[in-house]
Amino acid sequence: MALPLYLVGLSHKTAPLEVRERAALDPVVALPAALSALGKGVVLSTCNRTELYGVGSPEKARAFLLSRGVVPRHLYVKEGVEALRHLYRVAAGLDSLVVGEAQILGQVREALFLARRQGATESLLEKAFQSAIALGKRARSETGIGMGAVSVAYAALDLALAVYGDLSGLSVAVLGAGEMAELFLTHLKAHGVGRILVVNRTEEKAQALAERFGGEAFGLPALPQVLRQADLVVASAAAPHYLVGPEDLPKRAKPLFLIDIALPRNIDPRVGDLPHAYLYNLDDLKRVVDRNLRARAGEIPKVEALIEKALGDYMEWYAGHRVREAIRALEAWARVQAAKAQPEAGPVELEKAAGRLAHPFILGLKRRALDRVGGPPCPEDCLLYRLSRT
């Protein structure tokens with residue numbers, strides 16, 4: 001029997017942002033409604049995709065997404081092995097906006113957890129998502145699909161690590177208190193940086209960000225003082241003019257590394273001409289990101305090989321699952337037939353008689369099941385149908 005899984009969804013590849021916003025499912029209200037509409041299913045809803053996975057016909061899932069203002073051209077529908085293959089590609093990071101990004105694996109895990117909490121899973125979906133999560137872990141541990149920085153903030157951290165190796169003894173100055181500064185500090189804190197100095201035009205914003213990451217806050221007038229204390233400067237402030245020029249960096253005993261990720265730039269390019277200063281800008285970081293993306297692309301065939309192996313493993317499990325269903329039905333049928341044939345027999349005799357009756361059928365099912373998965377109707381399906389009519 002063909003695998004009865006289905007997937008209905010939309011993603012950054014098929015729908016613009018405003019459509020994805022309409023389709024996104026809030027976990028408190030909209031997600032339970034979606035699972036209720038599906039009966040049994042798992043919903044994966046992120047900023048870049050909303051996908052409904054279930055067993056049987058995809059029509060209810062399709063109707064649910066259309067009811068949220070999605071038009072048919074934005075949807076994709078996959079069934080059987082193709083639905084499972086898509087789930088595996090998603091969990092491995094191959095279908096992400098940035099190939100190999102790690103966040104999606106946690107989102108797949110969360111989707112399964114929420115479906116379980118609603119009582120919306122069943123055996124095929126459980127196995128599909130459990131195997132997808134295991135595959136995602138293998139893809140990241142056995143290939144380089146998740147290696148290297150592919151965001152500007154992480155590329156800046158990679159550059160700092162390449163220069164210093166250990167960040168624990170460093171004083172790092174961050175210019176700006178916006179989203180990019182926050183993202184960089186998140187990465188920085190995870191690597192155990194020694195001292196964080198946050199400088200911003202509005203000192204209150206600097207204080208709020210510094211408190212989050214255990215740093216010190218300064219207003220813009222204190223920038224010259226901060227520069228004298230820093231080993232590394234990362235600039236991401238919104239400013240219409242340069243905040244740091246050659247005149248702000250008098251000669252010093254140890255070199256100063258500066259990474260300018262602001263646009264417009266915060267640091268005068270002439271700073272890079274100073275013998276004691278090493279300046280990197282967005283173009284330098286973009287080259288790092290592009291190189292890492294090319295390296296990840298080279299790992300895709302390895303991940304696809306893992307996916308095909310996982311598909312084979314799942315289909316082998318599914319063959320056994322179908323046989324187990326048929327065996328249970330056969331055993332129940334055999335007990336009924338034995339009781340009809342020997343109404344005076346006791347429980348032990350009836351169980352033995354039922355076993356003798358069912359045994360040859362069970363052996364035949366086990367021999368033929370694996371050869372039939374995904375092809376024409378299996379012997380066990382015919383038996384299940386016939387037994388349901390007796």
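Using the three backbone atoms N, Cα and C, a Cβ is placed for every residue, glycine included.
Sequence annotations record features per position, and here Swiss-Prot assigns active site, nucleophile to Cys47. Residues or ranges marked as substrate binding site in Swiss-Prot: Thr46, Cys47, Asn48, Arg49, Ser96, Glu101, Ala102, Gln103, Gln107. What Swiss-Prot records for Gly176, Ala177, Gly178, Glu179, Met180, Ala181 is NADP(+) binding site, and it gives sequence analysis as the kind of evidence. The annotation site 'Important for activity' is assigned in Swiss-Prot to His86.
Here the features listed in Swiss-Prot are painted onto the structure.
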residue : record                 : DSSP class
Thr46   : substrate binding site : coil
Ser96   : substrate binding site : coil
Ala102  : substrate binding site : coil
Gln107  : substrate binding site : helix
Gly176  : NADP(+) binding site   : coil
Ala181  : NADP(+) binding site   : helix
Largest tally of Cβ atoms lying within 10 Å of a Cβ, found at which of the binding-site residues Gly176, Gly178: Gly176
NADP(+) site, defined by Gly176, Ala177, Gly178, Glu179, Met180, Ala181: further same-chain residues with Cβ within 8 Å of the Cβ centre: Val174, Glu182, Leu183, Phe184, Leu209, Ser236, Ala237, Ala238
Between the residue listed as 'active site, nucleophile' and Gly178 (NADP(+) binding site): CA-CA distance (Å): 21
For the recorded positions Cys47, Ala102, Ala177, the one whose C-beta sees the most other C-beta atoms within 10 angstroms: Ala177
Integer Cα-Cα distance in angstrom, Thr46 (substrate binding site) to Ala181 (NADP(+) binding site): 24
Distant-in-sequence Cβ neighbours of Asn48 (substrate binding site), under 8 Å, six or more positions away: Ser11, His12, Arg20, Ser96, Leu97
Which same-chain residues, if any, lie at least 6 apart from His86 (site 'Important for activity') yet have Cβ under 8 Å of it: Leu7, Lys78, Asp95
Binding-site residues listed as Thr46, Ser96, Gln107, least Cβ neighbours within 10 Å: Gln107
Rounded Cα separation (Å) that holds between Ala102 (substrate binding site) and Gly176 (NADP(+) binding site): 27
Any further residue of that chain within 8 Å (Cβ to the Cβ centroid of Thr46, Cys47, Asn48, Arg49, Ser96, Glu101, Ala102, Gln103, Gln107) of the recorded substrate site: Leu97, Ile104
